[in-house]
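Each remark here refers to the structure printed beneath this line.
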Amino acid sequence: MDSVEKGAATSVSNPRGRPSRGRPPKLQRNSRGGQGRGVEKPPHLAALILARGGSKGIPLKNIKHLAGVPLIGWVLRAALDSGAFQSVWVSTDHDEIENVAKQFGAQVHRRSSEVSKDSSTSLDAIIEFLNYHNEVDIVGNIQATSPCLHPTDLQKVAEMIREEGYDSVFSVVRRHQFRWSEIQKGVREVTEPLNLNPAKRPRRQDWDGELYENGSFYFAKRHLIEMGYLQGGKMAYYEMRAEHSVDIDVDIDWPIAEQRVLRYGYFGKEKLKEIKLLVCNIDGCLTNGHIYVSGDQKEIISYDVKDAIGISLLKKSGIEVRLISERACSKQTLSSLKLDCKMEVSVSDKLAVVDEWRKEMGLCWKEVAYLGNEVSDEECLKRVGLSGAPADACSTAQKAVGYICKCNGGRGAIREFAEHIFLLMEKVNNSCQK
C-alpha cells in the first residue's frame, strides 16, 4: 500500500489471512529515485504506534482520556506535528481505537489476531506491519503510554538515523538512584550496593547518575527488525528530559501522568493565546439538561455550586463568561442564579452570536474558549482557540473538542474546564517570561 503524506486522508491496511511468522520477503531494492533519475529518495521513515484493545492493566487504556485527550492522541499529535515521518500508523485490532486514530489523522493497520494475543510481542506486531508495507525502510515504534513526548524529540532522533547513520536509536532518561542487591532467603541473606560505595556516598550534584530506558520509543532500520532486533547495529540512545519521561502501565500511574502532561505535555503547533472570553452552553453544561416544572407552571433548573465558583474565579482573573442557549430559557429564572453573566437565549445560530461577542470585545478567535455539549455547538467548538465538552456531551461535540471533562454537565464541568484554562494560561505566561 502506498503511504500518504501527513494531513492526507487516512487509510487502512488489512492483513488478509494469516501473516507469515518468518521474516518478511527480501525486497528487490532498485534505486528509490523516479524513473530515469539517479537521485535517490530519502528512506521512508514510518511512525508506528501499537495499540491493541486487550490491555489487562487498564481496559482500553490507549483511548482512555488523559487530561481530556485520548491517551494515544498525545503521541499521535507529537508524531504528526514533528514532520519527521513519511507516514504515521496505528496498529490495532479494535474498532474504537481505529476510529480515534483516524480522528487524529493517522493511518490504520488492522493487525491480525495472531499478533494481538497477551503473549504477542511488540516485535511480532512490527514484523507483521512490515510484511504489508514494503515501502517502509525505518520504523519509529512509539509507545502510546508516553504522553509527554514532544515533536522536537522525534525530529532529533530522525536526524540521528538519517544524517548520522545510526541503525537504531532508543529513548532513555537519567536517574540518580542507588541500587542494592535483592535479599533472597537461603541464597543471599544480606544486601550489597550495586552502584555506590556507602562509605563515600556521592551528592546528587557530584554524580552523573545512570541511563535507563524509559520506553517512549524505539527506532530501527528494516534489516535489523527482519533479523529480530529493535536495538542493534550502529546503536545510540536519545536522552529525554526527566519531566517528559512518563509511562503509564497501571491505574496508580494515571493521576500522576495527568498532572505531568498538563504541565509538560505538547498541546499542538498553534501557540496558546491568553483566553479573554469563555462561552458556555446553558442546557447540558451549566445545567444537567433537566427541566422541572412547578405547580404554577414555572420552569425550575438546577446547577452545581462548584460551577458558580468556577465562573466567579474566571471573572476575577479577567476572563469574561457568557452563556448561550438555542432554547427559549426563562431569563428571569437564569437571573435568579445570580451568576452576573451576559446571556443570549433562543439562538438559532450560535456561531454568529459568539462572533458578534468576539468582535465587540476586540478579540481574535484564539482568545475565545467554548464549552459545549450539543450538535448546535459544533461550529463554535471547531472555531475557538480552546474547546471543551462535559463527559456526557453528545459524540459530535466530543469529537470537535480539545478537552473532554471528567465531570458531567451541571455537575462540575464548568469548574473543571476553568481549572484547565488556568493551567494553560500559566503555560502561556511562563513561555512569555522565557
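Keep in mind that glycine also has a Cβ here, set from the backbone N, Cα and C atoms.
Among the features that Swiss-Prot reports, motif 'BC1 motif' is placed at 15-31. Confidence over the motif 'BC1 motif' (15-31), given as mean pLDDT on the 0 to 100 scale, stands at 39.
Residues or ranges marked as omega-N-methylarginine by Swiss-Prot: ARG37 (among others).
Long-range neighbours of ARG52 (substrate binding site) (same chain, six or more residues apart, CB within less than 8 Å of its CB): ASN62, SER91, THR92, ASP93, HIS94, ILE97, ARG111, SER116, SER120, ALA125. Taken from Swiss-Prot, the feature substrate binding site covers ARG52, ASN62, ARG111, SER120, SER122, GLN143, and the record attributes it to similarity to another entry.
The omega-N-methylarginine annotation in Swiss-Prot covers ARG52 (among others) and is backed by similarity to another entry.
Within the same chain, residues 176, 178 sit at least 6 positions outside the motif 'BC2 motif' (200-206) and bring their C-beta atoms closer than 8 Å to a C-beta of that stretch. Swiss-Prot lists 200-206 with the feature motif 'BC2 motif'.
Positions annotated as active site by Swiss-Prot: ARG201. The local packing around ARG201 (active site), expressed as other Cβ atoms within 10 Å of its Cβ over all shown chains, amounts to 11.
According to Swiss-Prot, the feature motif 'BC3 motif' maps to 269-276.
The secondary structure of ARG111 (substrate binding site), as reduced to three states from DSSP, is coil rather than helix or strand. Most other Cβ atoms within 10 A: among the binding-site residues SER120, SER122, GLN143, that distinction falls to GLN143. Around ASN62 (substrate binding site), a 10 Å sphere centred on its CB holds 26 further CB atoms from the protein chains shown. Apart from the site residues ARG52, ASN62, ARG111, SER120, SER122, GLN143, the chain places the Cβ of LEU50, ALA51, SER91, THR92, SER116, ALA125 no farther than 8 Å from the centroid of the site's Cβ atoms, the recorded substrate location.
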